[in-house]
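**Student:** Handing you this structure, nothing more for now.
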């Protein structure tokens, strides 16, 4: 059975499908790049702000970090949030305000635009919507790239806000499109590419942000605006991508266009099997009214699925991954690493490698089991991290325990809690409620992103080395919730997944029909 499934998956993996998915996830690459790019050039940009605003004499803010400059400001690469420098004299309140706004306005833009994902996705279609919103990314990156030609603080804040608007829309449209164009056998594997694109974007931004590359006083505008290249590439590649056949058939009722789209995506495969499944979904969607965000919470039919969708987003952001990135440089320094910035980039490399591995694991092990395994591994790593940090002053070798815990934490994050929340929401809902569900889940993710970035420093200052106890407790809560509530969506149609939340089995006749449609491989 597994061999047959693998053969069918390979048969469905066409050039057009690969192009369509690659093009779509370029939106997530831009998201990752925007998260990571603002960290490396912080001191250079702050120095430029100071000169433009006339806040601090030029000799008080060196453009290159040295021992005299004091410690490098702490960063949280996975959220793009920073903590202020320790020397308040070198960073007046006004400068800190403009810098904090430059960073956090990105998440604010994402929160605002994420609510409109469902509307624009249904109004324009998946491909046209991605085309239109790409204009926001191009404009935002252009403003940042030209920051030195005008009031840099205003141009960067405006550019980050507009880019955030783009990423908020893209983070909803991309999973929607990818889940709808992917065959059932490949839906999970292709869905993990969202997270792969994010970590690749973060890693590339970290590498390019090194001082001898683009993270210097001359090149930082190019570093900030370089994501516009990916936006332009995505814009032109989208012109070659077919529209979602599910959108064409279920939303617009264009049967022939849906068949043409399916043939482009599947090659020579008979499209009628998937058309029949879409027809069932269309009939079910037609029997219910249009689902709004409010109805997702008030209707008992969707309430459980919505709670699951929101909790997987919360668990991703509140898992402590941001804290791991925050502490990594400090721990590497204590362990005697000469260039801790390169060790931190090494964490980014591990992040990327295990995201690639998760692409192959997700269809073999399933979403639920990987999510549970990832949370359990992160929980144990958080405990080890706490022990390492608390005992570091007594036993020097505990720094290595902490280093190992960092890498294990990142590995387990990328196994499940990292990639799965991005695509499982699209799997939990049928065509009717899916846009609204993705919109509210996206807003939740962005809001949690913003909360972590704004509040973590205060929590870390209050708790010190015991900060990971908080994340260990949260991870335990998330683990118990996932065990009790998160269903397995591997290999299941949208109808079957919806039936799980309705707490009733599909009729035997319907199940038989579904088995025939998918070659008897209903998982």
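Note that Cβ sites are derived from N, Cα and C of the backbone, with glycine treated the same way.
Reproduced below are the annotations present in TrEMBL:
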type     : residues : note
DOMAIN   : 20-490   : domain 'Major facilitator superfamily (MFS) profile'
REGION   : 64-83    : region 'Disordered'
TRANSMEM : 12-33    : transmembrane segment
TRANSMEM : 97-120   : transmembrane segment
TRANSMEM : 127-147  : transmembrane segment
TRANSMEM : 153-178  : transmembrane segment
TRANSMEM : 190-208  : transmembrane segment
TRANSMEM : 220-241  : transmembrane segment
TRANSMEM : 305-329  : transmembrane segment
TRANSMEM : 341-362  : transmembrane segment
TRANSMEM : 369-391  : transmembrane segment
TRANSMEM : 397-415  : transmembrane segment
TRANSMEM : 436-460  : transmembrane segment
TRANSMEM : 466-484  : transmembrane segment
**Student:** What mean pLDDT does the predicted model reach across the domain 'Major facilitator superfamily (MFS) profile' (20-490)?
**Tutor:** 81
**Student:** Do the transmembrane segment (397-415) and the transmembrane segment (153-178) share at least 3 Cβ pairs under 8 Å, sequence separation 6 or more?
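**Tutor:** No, since the transmembrane segment (397-415) and the transmembrane segment (153-178) share fewer than 3 Cβ pairs closer than 8 Å, they do not count as touching.
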**Student:** Should the transmembrane segment (12-33) and the transmembrane segment (153-178) be scored as in contact, given a threshold of at least 3 Cβ pairs under 8 Å and pairs 6 or more apart?
**Tutor:** yes
**Student:** Residue list, the transmembrane segment (341-362) vs rest of chain: Cβ under 8 Å, 6 or more residues beyond ends.
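**Tutor:** The answer is 77, 188-189, 191-193, 195-196, 199-200, 202-203, 206-207, 210, 324-325, 328-329, 332, 370, 406-407, 410-411, 413-416, 418-420, 490.
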**Student:** Are the transmembrane segment (369-391) and the transmembrane segment (466-484) near each other by the rule of at least 3 C-beta pairs under 8 angstroms (pairs 6 or more apart)?
**Tutor:** yes
